């Protein structure tokens, strides 16, 4: 089944439009259909992108405006348009321009790519990567879905039961909607289609984190870096970390002290260190290390995979410290652990700290199995005789 994308080309040189059209004809076949819109006016492009009906998946943009230079003329209208596009509507952009240098930003494909007019041989692959990312379509779908869910919830639920939902406090509607949409988004992510369910079982490391962190208040799962360069994760419940007036009447969280667990390098665990050594690794060595890195069995450790500013680390729930908030408030906040990983970490902490050791049955393995086998067979024969 073919997938359709819309591409806007903004360039005041007709030759550039022909080049993009030729490249797309050569790059795409029946698998992807590309609908091209050509504009030679930067102002018209801005107006079109600002329209609610705008549904473009990619913008191919020149930097230079080759019109006559006047008192108020600006040659680099493309970069100005790009800055305005980001405020209006998010969409991947390919700068296809004669002046690649000194744009004020780097090429970061596939969502922002810079190519010279003499690099048209690379343009087809850049367009394909940008379109196949489906970044604009995903963002657009999310906004439209949230709008639809909000309208349906207000119309079908809140309107008929306004007093029950708000308890005569209209300002509570914002909190109600935020909670509702947050819960709905989680459900939409993991169960709206069979494909999403499959994806949710195996996620990239980015799914562990909120980067950059959300909000000013720390939460359970906030990852910090201290001035010495060591990493820590917050285990204090999120409800005690909301910034406001604390018991002393000063601005800060309710928690008097912050509970932190140390994040140690992965080779700080003996089993993982053995598996990371050079040379062949046997299954007997690999198995225990994988169990740790998959966060299975051993509740003391919780593996955090590398992502952007977060290095590969193990949470050591045996290495805990507490500090007054003022003593650590200036530490660098790297990321927040996202749900459900933050909840899993807190559950592990509770299990690890609250576990109770019990004595084992005083039989060796063979005696245990032999005795159980004899009793099961005797019970089966007794039941058979009674029938």
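Yeah, the Cβs are placed from backbone N, Cα and C, and that goes for glycine too.
The domain 'Response regulatory' annotation in TrEMBL covers 6-154. Residues or ranges marked as 4-aspartylphosphate by TrEMBL: 62.
When Cβ atoms from all protein chains are considered, those within 10 Å of residue 62 (4-aspartylphosphate) total 24, not counting its own. The helix, strand and coil residue counts that DSSP assigns across the domain 'Response regulatory' (6-154) are 71 helix, 28 strand, 50 coil. Confidence in the domain 'Response regulatory' (6-154), given as mean pLDDT, stands at 84.
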